[in-house]
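Engineer: Here you go, one structure.
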Amino acid sequence: MTAQEVRLCGLLLQEHFGEVVERIGTHLLRAGAQNLRNIANETNTPLDLVKKSLCVLVQHGACEFGSGRRGPGSPVEYRASCERVLRVLRYPRYIYTAKTLYGDTGELIVEEVLQRGHMTMSNTVKTVADRLTHNMEEGRSMEYSEVVSAFSKLVETHFLQRCPPVAEMGTAATSTTPATPGTPAAPASTDPPTAESNPDCYKLPHVTLTGTANTPITHSIISPVCIPTCKPPAICNSVNICYTLACYVCGAGRGKRRRSSDDSEEQRRGKKAKMDSESCGDEGIYWQVNFERFHQHFRDQAIISAVASKLDQTSSEIVRTMLRMSEVTTTQTAAYTQPLSANEIFRSLPPNYSISRPILDQYLSLLVDDPMEFVGKSGDSGGGMYVVNLQRALANLARATLESVVQERFGSRSARIFRLLLRKRHLEQKQVEDFAMIPAKEAKDMLYTLLSENLVQLQEIPKTPDHAPSRTFYLYTVNQLPTARLLLQHCYKTVANLIERRLFETKENKRLLEKSQRIEAILASLQASGAEPEQLTEVEEMITAPERQQLEALRHHINKLDSTENQVDETVFLLESYIFSTKTK
């Protein structure tokens, strides 16, 4: 874990959960596993606040706990997950992907689960139905069955999964007791259980919800569905979500419309007690977002886009079909997709692509012979068995990203030298000048610039043991994996700078933003009460023309910062996926 990762995690925790949670989280990231008393002492934080902060982190999966390093009986230790905290940066992309695939209902389901860390199916359905009903016209309401259907599709395509069961602390101690006095105890496993280890990870519970006219709606497992074959457009920049632990009230029957009058504290407690007393049949079964499944979808979309830009739309549709057929059966660490025969691919093509079988064979041969090697052939049965080479595809995508960064920062000639070294591996300075067709002086300056930025490495091969410069070969080379790691750290630093700049702009214009929010609330209240247009105009004029211009400029600046964060995160995802694929070889 690098300093840039810890800095970015601290900013994300501070922005979404507050300063206390940020202090506890960054301390755990730097210090490693710590027990409760040590955390409170080393951060100078009251024990009660430490407990609440750890509850927030555990609720959102950013912190794990287990038995201490001294074995059974030692205090419980807490360990923060840097990788999980960094996923908060990608929340808008997860939500927009769910909206693209499953509509507004799927978007709200994923948003609610992300906001609360994990939820039961019944609470999610009721909360989403209430929110959709609130946005509908008066007299209309959202049926629970429609929300249940969208939830089922997300589970069956593995975008949602059950939370792993939490093992009791006494279980490990009991399991390590030796069977005989002379047998040494086996060490207790400190690895937390994973969601995939649960055999019922994607099994929907039998849920009973009260429908219209007190008609019970029962739901069990339904037939599997496939993800719609559509390309998600660019991420919407207006997605802005506050990730907090919020209380919520679930309605019975259809979704309930929220009223303008707030309930008293006693009424809210009574409603909560009534809600807790109702049994829906899924108590204790919590669901969370499967980030690996979303990442697999992002990876597939990147591969499809690369094939479309390199070849044509028909080739990308063939690759899309192959990825869709093996999306649930292919694990995140797999180097290849499941082998598919040409006959299966032909039968699974979309109906609007009316290409003949010989044309399909020609496209498959073109994909196999392409230097990018996105598609490979693994056999000849069934008209030929074909796979998508995921590791090779990620390597090519990362390589294209590195070349693009060099070109944008240092120009097209430096990018030509960089591509030349990637292809030829090792070259002397004179060979670089000749192959790149660049004058010696310019080539020397460009090579030294790339070398100073650690994008190019210099390797010495001596002819004699004394390493005399006159008897030593100096070869320039590019190591793609270390260069990708270097660029990834630059991306983390860039995102952290963008977040700090956005927080600074918001803090500097805090008074103006609060004034704008107050006026918008007054206008909404007047419009709901049917006020006259003159009254509305008078309230709108409370913001002067210079303030309005300053507010528009501020919003435009913040939108640009948000858009840049999303674009940098796409680069981060590609580089992370490539680095992870090299570890699983």
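Glycine residues also receive a Cβ, built from the backbone N, Cα and C atoms like all the rest.
What TrEMBL records for 170-195 is compositional bias 'Low complexity'. Annotation source TrEMBL lists compositional bias 'Basic and acidic residues' at 260-277. Sequence annotations record features per position, and here TrEMBL assigns domain 'RNA polymerase III subunit RPC82-related helix-turn-helix' to 8-66. As annotated by TrEMBL, domain 'RNA polymerase III Rpc82 C -terminal' applies to 257-397. If you look up TrEMBL, you'll see 402-478 marked as domain 'DNA-directed RNA polymerase III subunit RPC3 winged-helix'. The region 'Disordered' annotation in TrEMBL covers 170-199, 254-278.
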Engineer: Using DSSP, tally how many residues of the domain 'RNA polymerase III subunit RPC82-related helix-turn-helix' (8-66) sit in helix, strand and coil.
Structural biologist: 44 helix, 6 strand, 9 coil
Engineer: Could you break down the residues of the domain 'RNA polymerase III Rpc82 C -terminal' (257-397) into DSSP helix, strand and coil, giving a count for each?
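Structural biologist: Tallying H, G and I as helix, E and B as strand, the rest coil: 77 helix, 17 strand, 47 coil.
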Engineer: Can you give the mean pLDDT for the domain 'RNA polymerase III Rpc82 C -terminal' (257-397), rounded to a whole number?
Structural biologist: 80
Engineer: What does the DSSP secondary structure composition of the domain 'DNA-directed RNA polymerase III subunit RPC3 winged-helix' (402-478) look like, as residue counts for helix, strand and coil?
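Structural biologist: The breakdown for the domain 'DNA-directed RNA polymerase III subunit RPC3 winged-helix' (402-478) reads 46 helix, 13 strand, 18 coil.
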